[in-house]
Every structure is written in C-alpha cells, then in structure tokens.
C-alpha cells in the first residue's frame with residue numbers, strides 16, 4: 001500500500017492511504033476462499049488459546065500431583081458432599097493441625113477437610129503469566145518481522161504445529177519446571193496467530209471488511225478460552241488410563257496438527273499469488289522487480305526494523321497501546337483467576353459449562369458485533385468512530401464486570417454474559433484501528449511490537465494480585481483489576497477518538513486550503 005505522510009496543523013504526522021492500494025491482493029483471492037482462510041486462522045487461534053488458558057482450569061489438580069504452589073485447608077474430596085463440610089468451612093482453618101481435625105460422626109473418624117495444594121501461589125502466577133508472556137513477546141517480534149518478508153501461511157502452519165506439539169508434551173511433565181519450559185514453546189508458537197492473521201486479513205479483504213474479518217479471526221480466542229473450562233473441569237475427573245489431568249493436554253494439542261495441515265494443503269499466501277500472477281503477465285517487469293526486491297532485501301535488517309519501529313512510535317499508536325495495556329490487564333486478571341475465584345468463594349459449584357457457554361456466547365457475539373458495528377460506523381464518520389466504539393463498550397461492560405464479583409451463582413454468570421458482550425468488542429476493533437494507522441509494508445512488525453508491549457504489561461501485572469489480595473482481600477483485588485481497569489481503558493480510548501477526529505478535521509481543512517490555492 002502506498003502512503004502519503006501529511007502533517008496537520010497540530011504538527012502531528014499522520015499516515016494517509018492513497019487510492020492506489022498495492023496491498024489489495026484481495027482481488028486475486030475469491031471472497032469465499034478468503035472467508036475459508038479466516039475460519040482456519042480462527043480455529044488455529046482457538047487451539048492456541050485453549051493451550052494458553054488450560055493451566056488455569058487444571059491448576060489445582062496439577063499442583064496436587066506435581067506438588068507446587070501454596071497449600072491451604074480444602075474439602076476432603078474422598079468424603080461425599082452430603083455428609084457435610086466444604087471449602088467454605090474448611091477455608092476458615094489456617095493451620096494444618098486444625099484442618100486435619102475437623103470431624104463429624106458421619107465420616108467414621110475421617111476429617112472433612114484436608115491440607116493440600118490449592119493451585120494458587122507465585123509458582124502458578126509465574127506459570128500462567130510471565131513464563132508465557134516472555135516467549136510470546138519475543139516470538140511475536142521475530143515472527144512479525146519474518147511475516148513481512150516470507151510466506152505467511154507457512155509461518156502460521158509451522159507455528160501451529162509447534163504449540164500443538166508442546167501442549168501434548170506438557171501432559172507428560174513430572175516437574176513444574178518442565179511445565180514452564182514447555183509453556184515457552186506454546187507461547188512462541190501461538191505468538192504468530194495475531195500478527196500473521198491480521199496481515200493476511202489486510203491482504204484478503206478491503207478496508208470496509210477489516211473489522212468483521214478480524215472479529216471472526218479473534219472469535220477463536222473465546223472459543224479456546226471457553227473450551228478450556230470444559231476440558232479442564234471434565235476431562236481430569238474421567239481419569240483416562242489413570243492419568244487424570246494429563247489427558248486434558250493430550251486431547252487439546254491433537255487438533256492443531258489437523259488445522260496446520262489444512263492450511264498448508266488448501267490455502268496460499270495472497271502475496272505469493274500476486275507475485276506469481278505478475279511473473280506470468282509481465283516477465284520483463286517481474287525480472288526488474290525481482291532485482292529491486294533483492295536490493296531492498298540486502299538492506300540492513302536492523303535499519304528496516306528501525307524504520308518500521310518509527311510507525312509504532314506514532315503518538316496515535318502509543319495512545320492506543322496504552323489503552324490496550326489496561327484493557328488486557330483487566331482481561332488476564334479475570335482469565336487467570338476465574339476458576340480459582342469460584343473454587344475459593346463457591347466451592348462445589350459446577351462452573352465448567354457456565355463459563356464455557358458464557359465465554360462462547362458473550363465473547364464471540366461481542367467481538368463479531370464490535371467488528372461489524374465499527375465497520376458500519378467508520379463508513380459514515382471516519383476512523384475515530386472505531387475508538388469511540390472501544391470507549392463506549394468498555395464503559396458499559398464495567399458495572400456488569402463488577403456484578404460478576406458481587407453476585408452469587410447463577411446471577412453472576414448472567415452479569416458475566418452481559419459484561420463479555422460489550423467488553424469483548426475491543427480486540428477486533430483495536431487491531432482494525434491499528435492496521436489502518438500503519439502502512440502495509442510494516443503491518444506485521446508493528447502489530448508484533450504492539451503485542452509485545454501489550455502482552456508484557458497485561459500478562460505480567462496480574463502477578464501482583466496474589467500479594468495484594470493478602471492485604472485487601474481476593475475479591476476486592478479483582479474488583480480493582482477487572483472492572484476498574486475497564487474504566488481506565490475506556491477513558492484512554494475516548495481520548496484516542498477525540499484525537500483522531502481532530503486530526504481528521506485538521507487534515508480536511510489543510511486539503512481544502514490547498515485546493516483553494518491551486519484554483
């Protein structure tokens with residue numbers, strides 16, 4: 001895509017797409033094939049997110065098997081619930097001696113409670129957050145740079161194979177450090193999903209469909225996240241071949257190999273198709289273009305990266321990233337603690353199907369509606385409308401997110417459904433804004449840097465939830481990090497919308513002045 005760099009009256013340099021869109025490879029790929037590719041990208045992303053969040057829903061059973069993390073007084077699972085007791089009572093006992101002495105005349109001398117690993121603690125927070133985010137961030141930068149130069153379909157398929165293989169092998173872990181090591185592989189492979197998919201969407205669809213297409217790609221996030229509650233809650237109790245939680249990882253990794261094979265065998269990178277078509281029609285021009293490409297490729301990679309990084313440092317992109325950091329922190333704070341929250345405050349509640357259904361219905365609907373709505377509004381009012389959709393959706397979602405933590409089941413799940421419906425509009429709309437702010441030649445790299453910053457903040461900040469909760473309470477800490485950060489992100493997205501609108505008005509005024517001078 002060719003761009004013109006303009007400086008508005010406020011001195012802010014903006015990137016304005018010209019009518020000639022070299023990146024419009026979507027003219028080469030049939031629309032039905034393009035949507036098929038989007039569906040495959042979404043499925044790959046979904047399996048990646050299933051692997052990502054599975055550690056949260058299997059945390060307790062893994063910690064009890066591998067013996068890591070914090071210990072506390074829990075209900076003795078060997079005693080039927082009808083005989084009394086439960087975690088709500090057991091959690092009141094803070095010492096192992098008193099915990100193991102909670103007896104009733106119905107349990108034949110056995111304690112209702114037992115002192116065991118609860119799945120929480122700094123080891124879990126490191127396993128869930130920093131160990132994933134470190135590899136995810138580094139992988140995103142490397143793969144984002146590669147995706148701007150090499151075949152994106154091959155990169156995505158290879159990455160899917162990597163995280164699928166690591167997920168399967170996680171089921172064989174015997175120590176917590178082995179889980180952390182394999183978690184690096186899962187994160188590195190999944191880091192390709194967002195930058196490569198966004199870059200492909202830009203090549204497959206016109207601007208008017210970017211929001212909807214990215215919404216469908218990101219639907220995989222909520223499919224995988226929701227599925228992690230089903231797999232994590234219902235597969236370990238089946239104790240398949242006596243291996244408990246391990247089969248949750250075996251079954252989660254296998255589908256990724258199938259989706260990777262379909263990508264390689266049934267799809268092609270539209271950028272490669274465009275180059276091939278050009279070679280067939282204009283061989284002489286293609287030869288000149290090939291020489292030019294080799295000259296460009298011979299440039300210093302560091303110099304190219306620095307040029308691309310300058311697009312990330314644009315004030316609009318920085319402001320968008322700041323809002324995304326708060327929003328991502330809110331999402332991870334809930335995602336990493338939702339299962340543990342219900343285990344702690346509402347033990348015995350069957351949350352698997354509730355959280356799966358709410359995630360799939362609310363999250364999927366939110367992200368698809370957000371993309372479609374922003375696509376319609378942006379046609380009428382401009383790019384700033386997408387930022388206003390972000391601000392409005394997060395503002396509306398905040399009180400319902402608070403309701404999740406203040407209401408008991410099943411009312412909290414109804415509140416969560418509404419919260420997801422609005423809150424999850426953000427992801428597709430966010431990246432629709434981003435890919436329209438930067439040139440196509442730098443798209444994958446800028447998205448990778450954006451994700452590097454967003455994921456390092458959003459994925460690592462929730463680690464402090466554990467120490468803070470010991471001071472102000474677990475529920476109160478989640479109220480601060482979940483609905484509280486929604487509101488902060490909404491304010492930043494609103495400022496972004498105002499800035500984009502002002503820039504658009506100033507640019508139109510400057511263009512009208514130029515036209516008058518020319519006439």
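Yeah, the Cβs are placed from backbone N, Cα and C, and that goes for glycine too.
The stretch that TrEMBL tags with transmembrane segment, taken from the ranges 101-123, 124-146, is 124-146. Looking at the stretches 270-292, 385-407, the one that TrEMBL records under the feature transmembrane segment is 385-407.
Between the transmembrane segment (306-331) and the transmembrane segment (442-468), three or more CB pairs separated by 6 or more residues in sequence fall under 8 Å, so the two stretches touch.
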